[in-house]
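As recorded in TrEMBL:
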type     : residues : note
COMPBIAS : 1-18     : compositional bias 'Polar residues'
REGION   : 1-60     : region 'Disordered'
COMPBIAS : 33-47    : compositional bias 'Basic and acidic residues'
COMPBIAS : 48-59    : compositional bias 'Polar residues'
DOMAIN   : 60-106   : domain 'F-box'
Amino acid sequence: MENQNQKSTPTQPNQRLGSPSRELHSTSSNEQSQKRNSPESPRHESHVSAQSPELSRNGSFPPPLFPQEIIFEILSNLPVKSLLRFRCVSKSWKSLIADNFFIKKHLKRTQNDPEFSKKRVLINIADIAPRTQLGSTIKSCSLTLKSIFEDPNVNTTEIEYPSNNESHSDWIVGSCNGLVCITIRENTVLLLNPTLRVSKRLPDIGFKKRRGYTVYGFGFDASVDEYKVVGVFCYPSIVKVYSLRANCWRRIQDFPFEVFSNEAGKHVDGTLNWAVFSGQDGDFSIVSLDLAQETYKEVTQPCYGDGVDERTLGVLDGYLCVLCSYRKLYAEVWVMKEYGKRESWTKLVSIPYLPYQRSEMFLTPVSVSKSGEILLRYGVE
C-alpha cells in the first residue's frame with residue numbers, strides 16, 4: 001500500500017507532551033521533579049482521617065485523602081486516555097501526570113504489558129489515493145487478534161498533523177515510545193504525538209537543493225535520555241543529527257555507503273540501521289549508526305542460501321529483521337534475536353507465493369501475534 005519509506009509502523013501511544021519549550025520531550029531527566037513526585041519521597045502524605053468526616057455545605061462527604069504513593073500507583077496503572085481526562089481533576093494530579101518520573105514508569109509498564117492489543121499500526125495510503133484526492137493520509141488501527149488478523153475491514157483513525165494539502169510525499173520515518181516522525185517532501189520534518197494531537201516542526205536541516213535525495217531515521221538515545229532524528233543526504237554523503245533538547249541540527253561523520261532511495265533508518269537498541277549498496281557489485285548490506293557514540297559499523301548477516309533476488313530490512317517486535325524473496329517462489333523472514341550477534345539470526349518463517357501473487361511481492365513484516373500469525377506488507381516497491 002505504500003512505497004519503501006511509507007511503511008506500516010507498529011507504535012504505542014505516548015504519555016504526554018509538555019510545555020511549548022518541551023512539547024515533544026516526553027522523557028527528559030529532572031531530578032528535582034522525580035524527588036518531588038516519586039512514591040519513594042512524596043512531598044505530602046495526607047492520610048484518611050480516623051474520625052468521622054464532616055458533611056460539606058452541600059450535604060455530601062468530602063473525598064477521602066490518600067497517600068501520594070497510593071495515588072501514584074493507581075494512576076500509573078491507568079490507560080493513557082484516562083490519564084488525559086484525569087489531568088483536569090486537580091492541579092496536583094495534573095502536575096503528577098506531567099512529571100518525568102511518572103511518565104517513565106507508566107511507559108515502562110505499557111511496554112511490558114503482554115497484551116497484544118496495546119499495539120497499533122500506522123499506514124500511509126498516499127499511493128492508493130485517487131488522483132482527484134489531495135494530500136497524503138496517515139491512519140492508525142489496532143493490532144488486536146480480532147481486528148486485522150481476523151477481519152481486514154477494521155476501523156481506522158486518521159492521524160491529524162500539519163501537512164501540505166497538495167503533497168503526496170508524506171513519509172512515515174518511524175515511531176518511538178509513541179512519538180511519530182514524518183517527513184514531507186524530504187525537506188520538512190515533523191515530530192508528533194498522536195494521542196495528544198500535538199506536533200513540532202523541526203528547524204530546516206540546511207541541505208541545499210541539488211541532485212540527490214535525503215533519507216531519515218528516528219530513535220532514542222538512552223545514554224543522554226534524548227530523542228534524535230538523523231538526516232542522510234546522498235550524493236555527496238552528508239549526515240546531520242537533530243537533538244530534541246537542543247532543538248538544532250549538527251553535522252557528524254559522513255555515511256560510509258550509498259543508502260537505498262527513500263529507505264528510513266530502522267531503530268533497534270539505540271541504533272539506526274539502513275540497507276545499503278556496498279562493494280563494486282552493489283551487494284545488499286546493513287549499516288548501523290550508534291546514536292550514543294555516533295559511529296558506524298556493518299551488521300553481519302546470516303547465510304540466506306542460494307536464490308535470493310530481493311531483500312528488505314525491517315523491525316519486527318523490536319528485533320531487526322530481513323525478508324528474503326526467492327525468485328517469487330517463496331519468502332523467508334529472518335530476525336536478529338540479540339542485536340549485534342550474528343549467531344542470534346533466526347529464520348522465523350517461510351512463506352510460499354501463490355501463482356497469482358507473483359506479479360507483486362512480500363515487502364516487510366509488520367507484527368506477529370501470540371499465535372504466530374504474521375502481518376506482512378505486500379505489493380510493489
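Easy rule for this one: first residue shown is 1, then count along the chain.
Cβ atoms here come from the backbone N, Cα and C positions, even for glycine.
TrEMBL labels come from automatic prediction, so no person has curated them.
Applying DSSP to the domain 'F-box' (60-106) sorts its residues as follows: 30 helix, 1 strand, 16 coil. Model confidence over the domain 'F-box' (60-106) is summarised by a mean pLDDT of 83.
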